[in-house]
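Q: The structure that follows is given in the form of structure tokens.
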Amino acid sequence: MISFSSFYQQIADSNLQHWLETLPAILGRWQREHKHGNLPKWEKVLNKLHYPAPDQVDFVSSVTVGTGEQLTPGEKEKLENLLRLFMPWRKGPFHIHGIHIDTEWRSDWKWDRVSPHISPLQNRTVLDVGCGSGYHMWRMLGAGAKRVVGIDPSPLFLCQFEAVKRLSGENHPVHLLPLGIEELPPLDAFDTVFSMGVLYHRRSPIDHLLQLRDQLRMGGELVLETLVIDGDENAVLVPQDRYGKMNNVWFIPSVAALMLWLKKCDFTDIRCVDTDVTALAEQRRTDWMPNESLVEYLDPNDITKTIEGYPAPKRATIIAVKNQPNQDLT
């Protein structure tokens, strides 16, 4: 069974220690709820990942664990077969002992767009909300973060993350907890909070922004990346049914509207640092994710529109700073 005890030990003498009052019970309940289904099967695969400590790791320019020179061809083939049991791999890519996990998303492209604009992560405590399998968490560690905590309720993402962590050979200060942000108390403790690709999945975007604010220390930095549309501060797309075949997309604001929401939630120094239309080469079907991807979500006759006729995915990155809260919003 996946254990969170090392995380509890690491935060026992940190500014996250009061989280221990509720966190073990919440994670214990999550484990009980998932003791049937796929999680036990994936945990058995994790228990087979017994490999030597890697001869090289790189989290600065990629997520690379081992060169592959330590493994025989047979060992490498066995490892690849084990890692394929965690398919589909959506966020990456990862390079594990010479095995290239070519994920659906080129998450490294997003990191290259976002990272030049954020405050340096050196010695920062970081929260990544909706972290997926943890690709960006490793890049945050590579950028010098003191501790990185990711939250995502998916059992598969947790097991993909655990596979990379176990193969990395060290107990790195990077932890994925299978939680949604609504399960976090107001911690007021993180120096930087990332929410990338989450806001449009929330039924109440304002509540999500307030939840993000509650995790930041005063003066902490929010890095928010989400779908946007063109328009003024009153422009918000509410898809009638599906958006890009997704039935869980609720609100897609303009950049101006999103900045207004952040201001209303008592963020300051709000600035848009990047906008980018998602390219077909950034999100695509691969050997490690053989299901439908972006090209199937767009109008085959006009890729500037989704298959439903809405504007094709365009993403913006907004950076803001936590200010003294307005009591009317809390």
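If you go along the chain as it appears here, the first residue is 1 and each next one adds 1.
Including glycine, each Cβ sits where the backbone N, Cα and C put it.
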Q: Of K91, K165, K305, K322, which one shares the carboxy-S-adenosyl-L-methionine site with W105, K110, G130, D152, P153, S154, I181, E182, M196, Y200, R315 in Swiss-Prot?
A: K91
Q: Starting from the Cβ of Y200 (carboxy-S-adenosyl-L-methionine binding site), draw a 10 Å sphere and report how many other Cβ atoms land inside it.
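A: Its Cβ shell of radius 10 Å holds 22 other Cβ atoms.
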Q: For S154 (carboxy-S-adenosyl-L-methionine binding site), just give me the three-state DSSP call.
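A: Once the DSSP labels are grouped into three classes, S154 (carboxy-S-adenosyl-L-methionine binding site) ends up as coil.
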Q: State, in Å as a whole number, the widest CA to CA span among the carboxy-S-adenosyl-L-methionine-binding residues K91, W105, K110, G130, D152, P153, S154, I181, E182, M196, Y200, R315 given in the record.
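A: Across K91, W105, K110, G130, D152, P153, S154, I181, E182, M196, Y200, R315, the widest Cα separation comes out at 26 Å.
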